[in-house]
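A quick write-up on the structure given underneath.
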Amino acid sequence: MDRTPASLLRAARQQLDGREADWLLMHVTGLSGARLQLAADEPLDASTATAFRDLVSQRRGGTPLAYLIGTQPFRSLELTVDPRVLIPRPETEELVERALTLVPANGPASVADLGTGSGAIALALKSERPGWRVTAVEASADALAVARANADRLGLDVDWRHGCWFTPLSGQTFDLIVSNPPYVADDDPDLEADVATHEPAGALLAGADGLDAIRCIVAAAPAHLTDTGWLLLEHGHRQGEAVRAILSAAGFSAVRTHRDQQGLERCTEGCLRGDEDHG
């Protein structure tokens, strides 16, 4: 059986998106795309070819690409991911972008990331605002181990806490609390099968309407925010109205929802005291 990169990719591209096939072959060979092109007609060893075909088969079966190659880009970072954590999404990069505007860039701000998972939000904020004090909370010990490993590899100093939402933050207040919590309804028919099968349910599902985690966070957040502190939440694209109502009912001011690059309502913020300067 032909084991050259060219033939392996031709066969794989009949089953997968071409770019995904390229990424998988780069992963198993450790070679860049340019190097593979130069060696397109040079046979790979049998074990490498077998490993590549196995990854192609797993991808066809629905295993997310990020889990197969073990990494996922997030803003300027390359994060290690595996089935212990949710794969960071582009929409969450936009949440980080919004978070960066809510607190002065040059101040010693204190920020908490609730439900940190792989550490994506906390690590991105720390990398782009080194002067901020960033604390990250995660209920899953397995996920927290992934986040810590990412921080160690990237050399970023985040205060990691194991526990559920605010439990490990007793007596602490923050200028900004940010979270990408579970927000999928338990029986949501729109949840992609690959996601439901392979990604951790605890990071996805949040009750009958998908808002249980958000309600919990909003109810407890005022006790953990400074007088002018902000709460910023990612949510489903059909949940904006409900999240605005939850924040307003809890006494938050300047409640505002922002749309993602697809024009869908994706994150909502509120301040303990009205601050209309953040557009």
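Backbone N, Cα and C atoms are what each Cβ position is placed from, and that goes for glycine too.
So that you can see what the record holds, here are the features copied from TrEMBL:
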- Gly115, Thr116, Gly117, Ser118, Gly119, Glu138, Trp165, Asn180: S-adenosyl-L-methionine binding site (BINDING)
- Asn180, Pro181, Pro182, Tyr183: substrate binding site (BINDING)
- 7-70: domain 'Release factor glutamine methyltransferase N-terminal' (DOMAIN)
- 109-190: domain 'Methyltransferase small' (DOMAIN)
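Mapped onto this structure are the features recorded in TrEMBL.
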residue: Thr116; record: S-adenosyl-L-methionine binding site; DSSP class: coil
residue: Glu138; record: S-adenosyl-L-methionine binding site; DSSP class: strand
residue: Trp165; record: S-adenosyl-L-methionine binding site; DSSP class: coil
residue: Asn180; record: S-adenosyl-L-methionine binding site; DSSP class: coil
Euclidean distance between Cα atoms of Pro182 (substrate binding site) and Glu138 (S-adenosyl-L-methionine binding site), Å: 12
Number of helical, extended and coil residues in the domain 'Release factor glutamine methyltransferase N-terminal' (7-70), per DSSP: 45 helix, 0 strand, 19 coil
Fewest other C-beta atoms within 10 angstroms, as judged across Gly115, Pro182, which are the binding-site residues: Pro182
Residue with minimal Cβ packing [other Cβ atoms within 10 Å] among the binding-site residues Thr116, Ser118, Asn180: Asn180
PLDDT averaged over the residues of the domain 'Methyltransferase small' (109-190): 96
Number of Cβ atoms other than its own within 10 Å, given for Pro181 (substrate binding site): 21
Cα-nearest neighbour of Tyr183 (substrate binding site) within the listed binding-site residues, Gly115, Gly119, Trp165: Gly115
Cα-to-Cα gap, Pro181 (substrate binding site) vs Gly115 (S-adenosyl-L-methionine binding site), nearest whole Å: 6
Composition by DSSP (helix, strand, coil) of residues within the domain 'Methyltransferase small' (109-190): 26 helix, 22 strand, 34 coil
Residues Gly115, Thr116, Gly117, Ser118, Gly119, Glu138, Trp165, Asn180 binding S-adenosyl-L-methionine per the record - widest CA separation, whole Å: 15
Cβ neighbour count (within 10 Å, all chains shown) around Gly117 (S-adenosyl-L-methionine binding site): 27
Residue from Gly117, Ser118, Gly119 whose C-alpha is spatially nearest that of Pro182 (substrate binding site), among the binding-site residues: Gly117
Cβ packing number for Gly119 (S-adenosyl-L-methionine binding site), 10 Å threshold: 31
